[in-house]
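Lifted from Swiss-Prot, the feature list:
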- 8, 10, 42: divalent metal cation binding site (BINDING)
- 8-10, 34-35, 56-58, 61-65, 132-135, 139, 142: 4-CDP-2-C-methyl-D-erythritol 2-phosphate binding site (BINDING)
- 34: site 'Transition state stabilizer' (SITE)
- 133: site 'Transition state stabilizer' (SITE)
């Protein structure tokens, strides 16, 4: 068994879609990034890569490479899942938290879980997604960005 943690943050800006866990969230702003800027998937990817000892998302999918510009983070997650399977690992479980003052994430949690389970080929009981605010504190509390944390157990 191996455990890895992941963290990601992106700035909220106008004229971008807000994608979390591969699901479009209805909101007036979206996250700025080289890819679709899906902070949840990026944190999950880093937790998986960390558990497998394979570096991090920036090493594997550098933002200096134009082939990743605008890419769906779910495609990156699928590639990471294939990498760990090739090394003989499978996901035991994933637990993640999305930190955002707005929008309200809880109505989307089940769709997010289904999206991630579909890509990772795991059952719904193997993933947990939570959402919280920072009670108006810090950059997420001021609505300037969204962050996410994740932990993954590989078996």
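Keep in mind that glycine also has a Cβ here, set from the backbone N, Cα and C atoms.
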Applying a 10 Å Cβ distance cut-off over all chains shown, what neighbour count does residue 142 (4-CDP-2-C-methyl-D-erythritol 2-phosphate binding site) have?
12
Write out the long-range same-chain contacts of residue 8 (divalent metal cation binding site), meaning residues 6 or more apart in sequence whose Cβ is under 8 Å from its Cβ.
39, 40, 42, 43, 46, 57, 147, 148
At the Cα level, what's the spacing in Å between residue 133 (site 'Transition state stabilizer') and residue 142 (4-CDP-2-C-methyl-D-erythritol 2-phosphate binding site), rounded?
10
By Cβ count within 10 Å, point out the most packed of the binding-site residues listed: 10, 34, 42.
42
Which has the fewest other Cβ atoms within 10 Å: 65, 134, the binding-site residues listed?
65
Any further residue of that chain within 8 Å (Cβ to the Cβ centroid of 8, 10, 42) of the recorded divalent metal cation site:
9, 31, 33, 37, 38, 39, 40, 41, 43, 147, 148
List the Cα distance (Å, whole number) between residue 62 (4-CDP-2-C-methyl-D-erythritol 2-phosphate binding site) and residue 10 (divalent metal cation binding site).
16
Under DSSP, is residue 65 (4-CDP-2-C-methyl-D-erythritol 2-phosphate binding site) helix, strand or coil?
coil
For residue 62 (4-CDP-2-C-methyl-D-erythritol 2-phosphate binding site), what is the tally of other C-beta atoms lying within 10 angstroms of its C-beta?
11
Can you tell me how far the Cα of residue 10 (divalent metal cation binding site) sits from the Cα of residue 34 (4-CDP-2-C-methyl-D-erythritol 2-phosphate binding site), in Å?
10
Counting all other Cβ atoms within 10 Å across every protein chain shown, which of the recorded positions 57, 133 scores highest?
57
